[in-house]
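> A single structure is presented below for examination.
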C-alpha cells in the first residue's frame, strides 16, 4: 500500500454517518466518517469501539451499570466504548472521526433502536 | 474511562521512541510516541502495524519482496506495515505518532538489528 492522507480520504465523500475503510490492520478496520447530528442507540456485544476525533466535536452517550452519562470529545481526543455498552454518538457541529473496530463490525451494532434514514447501517465502504 | 486528549497525553512525557499506551481496544493497544532520528530495522512476524502521524513527518523504510523502498508520511497521513515486512522508521524532524498493534507487541519486533541506546525496547508504557 501507499500512505493515505486523512484529508484526501475525507475529501473523497460527503455522506454523513457512512464510514470509509482507509486501511486494515490484521482483522481490524480503520475507518473515517463525517458525522453531524444524532446517530442511534446501539450496542456491540462482542467488541470495544475506538473513536478519535479529527475535527469538530463528538458526544457519546453511554448507558453504563451506574447510569447514563455523556462523554464529550473535542478535536484531538479519543475514547474507547467498552463492549456491551449501549451508546449513541452525536455531533453538534460538522465532525470528522476515525474509528477502529474488527472488520465486519456493523455501524449500528448487534442491537439497536430504529435506524433513521440518515444513518447508514454498514460494515464500512471502500475508499473511492 | 474518560476521554483522553492527545495533546495532554503527549505533554506527559519527553522520551523519544518510547510509546505510551493511551487506550486498549479488545486485545489491541493504541500508543502514542514522540520520535526523531533513526529507529532500528525490525520485523513483526505475526502482526501488521498501523501508524498515524499526528505531527511532524515519519519515513518508514520497507524491505519488500520487490526490493527496498521508503514511504513518507506527512502530518495527517497513515500507513500499515504488513506483517513479516522488515521496516525501519525514521523522523527527520520532531514527530508525534499514533500506533496500533496487538497488546504485548514489542517496539523492536520479533527480530531486529542491534538496538541503539536511544531506542526503548518495550511493549509500551502506561500513561503517567
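From the backbone N, Cα and C atoms, a Cβ is placed for every residue, glycine too.
Not measured: the values here are computed from a predicted model.
OK, TrEMBL features for this one:
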type	residues	note
DOMAIN	B:12-79	domain 'Cyclic nucleotide-binding'
REGION	B:109-128	region 'Disordered'
COMPBIAS	B:109-120	compositional bias 'Basic and acidic residues'
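Have a look at these and tell me how they're positioned relative to everything else.
Confidence in the domain 'Cyclic nucleotide-binding' (B:12-79), given as mean pLDDT, stands at 97.
For the region 'Disordered' (B:109-128), the DSSP counts in helix, strand and coil order read 0 helix, 4 strand, 16 coil.
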